[in-house]
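Okay, so here's the structure we're looking at.
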Amino acid sequence: MNETECEDLIKSVKWTEPANLISLAVLEFINVLVIGGNCLVIAAVFCSNKLRSVTNFFIVNLAVADLLVGLAVLPFSATWEVFKVWIFGDLWCRIWLAVDVWMCTASILNLCAISLDRYVAVTRPVTYPSIMSTKKAKSLIAGIWVLSFFICFPPLVGWKDQKAVIQPTYPKGNHTLYYTTTMSSSEDGQLGLDSIKDQGEASLPPSPPHIGNGNAYNPYDPGFAPIDGSAEIRIAAIDSTSTSTTATTTTTASSSSTTETEMDLDLLNAPPQNRPQTISGSCPWKCELTNDRGYVLYSALGSFYIPMFVMLFFYWRIYRAAVRTTRAINQGFKTTKGSKGIGSRFEEQRLTLRIHRGRGSNQQDSMHSNGSTQSTTTTLGTPSPERLSKYATRRLHHHDKIKISVSYPSSENISELAGHGDVGHERRQSGNALFAVHYNGTNGRESTESQLYRQQQQHGVASSCYLQVGKGLPELARRQSNTSEAGGSGHSRPANKKMGRRNIKAQVKRFRMETKAAKTLAIIVGMFIFCWCPFFTMYIIRPFCQDCVDPLLFSVLFWLGYCNSAVNPMIYALFSKDFRFAFKRIICRCFCSRQSVSLKSSRRGSDMSAIRIRARTPSITPSAAAHSFGDESELHHSEMSNDPR
């Protein structure tokens, strides 16, 4: 593009065309959604203590990256996409392109870090606080920004595409010969001839043959050309009677310095007239993404494809873990309420657990296993080491599955029964069972080979209880016969029952919360792929086949990727109850406070007017009139008392 075409470009812009203004308004509306939504996310986390978690640190970082996209990228991108003219200068063009890649890459890498955080939370819930601590989360966030900067940095130091610059050189009859040269966008005022050697680009030869009118050799002077036997120079011929290019020929130089063309155009004898006095760079009204193939592949892999595959891997593992745990909960954990039978003293509630007995592990090992019980003891609560050592079980060399049913009385009947217990009896306080326990072995027959013990701390407060499966059937049957004899403190037994139920339900509730959070973030990742995958596909195709990508389609897909920055806060509002509540509270603080005050004042005024009208209406009953008169008198008395006179 020559200087004349560049000047005509800025003059041809229709700034006030209705279609352009409507398009600009739509793009700016998207920008407002990006800024407003991500500001809400940041404010919600900082204003709500409930939302201050490690996972939400990554969400805030994601919102910061999206907010910077809305502030530093989208306003300028909207102007460029609508008018196709860059009016902000070449320096800001370079900075804008780098910031665009930086912020978008940081947003994508934040989604990758969130998927890693959810994977650890779902698959390792017990060790999650130590694995993903606040310090480690902050270090990971810092690494995200550094890695994103390394992806956007190369164009700032010269890794850019070669922009074509066309300059006329020679008039020849009805044709004008010119060189199609290239200039690196990192260089100002220097041109390199577009030489093609064999099948790749060749640099200027160190000692090119001299061609021209006797002047000193200058490789950037259009009057000279470094030509050898294997080099080719592309020369275009433009018909002076037409505004379009009529022919493009290839001039091949031999070692005898003779030049022949298909159109018999003698380059050596052409008079060097109308040469441009200055060689200008690229048009300042253009600011586009680079088409350098190497950088396109480098940035596309680092910004999108590698993070996308990492996220898909983590969520596939999360899905598998969620399916396994949900199946275990549905099959091995069930709570039902039974009806009160005739003559029974308990309103039973049945708690069904599923236990796996593994090989070569004792009870102490089971306490350190994460969710996989490798011994014959299932712990409800946190038993003390003394109790664990006292009731430690022997190692087993087989593997079977046991279904255990724990029947415990209601809190009312336990309190009623506790009044008849002997608190001071040490043997009953430490050894008697509180619940009746039965379990089914692998043969399907029900057995009574189990016993539920309870542990009691000082002051009669029970801390935990655990279930032990043993072999002594006669002794166990004898102990179970004493189940109805409840000893100990009346407050410890309901506490034992509630503690065991609370621990199990808390674990299940925590898992379901983690699974729900993972589902919400999976939707975020799905929207991320939907928004960015089409653009990065076209982004890779364009350097290899520029005619294959329609410019309008490329712009639409580019802004579809930008829309991902506006979609994330909407997903939080739709699927997260905590974020939704925080959003409502922030919005009401900003917009509803004045309206509520005016509404209250209007209500007070309407109530007073209604009282006055009711007191003056003659059609009401005498009692109502007396009541209204009393209200009016009280109102008048209150007004008189409030009168400063």
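Cβ from N, Cα, C; glycine included.
The compositional bias 'Low complexity' feature in Swiss-Prot is assigned to 369-385. Here Swiss-Prot flags 629-645 as compositional bias 'Basic and acidic residues'. Residues or ranges marked as disulfide bond by Swiss-Prot: CYS93-CYS287. The N-linked glycosylation site annotation in Swiss-Prot covers ASN2, ASN174 and is backed by sequence analysis. According to Swiss-Prot, the feature region 'Disordered' maps to 190-212, 358-386, 479-500, 621-645. Feature annotation from Swiss-Prot assigns topological domain 'Extracellular' to 1-25, 78-94, 160-295, 542-551; the stated evidence is a curator's inference. Residues or ranges marked as topological domain 'Cytoplasmic' by Swiss-Prot: 47-56, 116-138, 317-520, 573-645. What Swiss-Prot records for 26-46, 57-77, 95-115, 139-159, 296-316, 521-541, 552-572 is transmembrane segment, and it gives sequence analysis as the kind of evidence.
Counting only residues at least six positions away in the same chain, the Cβ atoms of TRP80, TRP86, PHE88, ASP90, CYS93, TRP96, LEU97 sit under 8 Å from the Cβ of CYS287 (disulfide bond). Over all protein chains present, the Cβ of CYS93 (disulfide bond) has 19 other Cβ atoms lying within 10 Å. Note on the topological domain 'Extracellular' (78-94): DSSP counts are 11 helix, 0 strand, 6 coil. For the transmembrane segment (95-115), the partner stretch with the highest count of Cβ pairs under 8 angstroms, out of 26-46, 296-316, 521-541, 552-572, is 296-316. Tertiary proximity for the transmembrane segment (521-541) is limited to same-chain residues at least six positions away from its ends with a CB under 8 Å from its CB atoms, namely 108, 111, 114-115, 118, 289, 296-297, 300, 303-305, 308, 311-312, 315, 318, 548-549, 553-554, 557-558, 560-561, 563-564, 567-568, 571, 575.
Confidence across the topological domain 'Extracellular' (78-94), taken as the mean pLDDT and rounded to a whole number, stands at 87. Here the topological domain 'Cytoplasmic' (116-138) has, by DSSP, the following mix of helix, strand and coil residues: 17 helix, 0 strand, 6 coil.
Sorting each residue of the topological domain 'Cytoplasmic' (47-56) by its DSSP state yields 7 helix, 0 strand, 3 coil.
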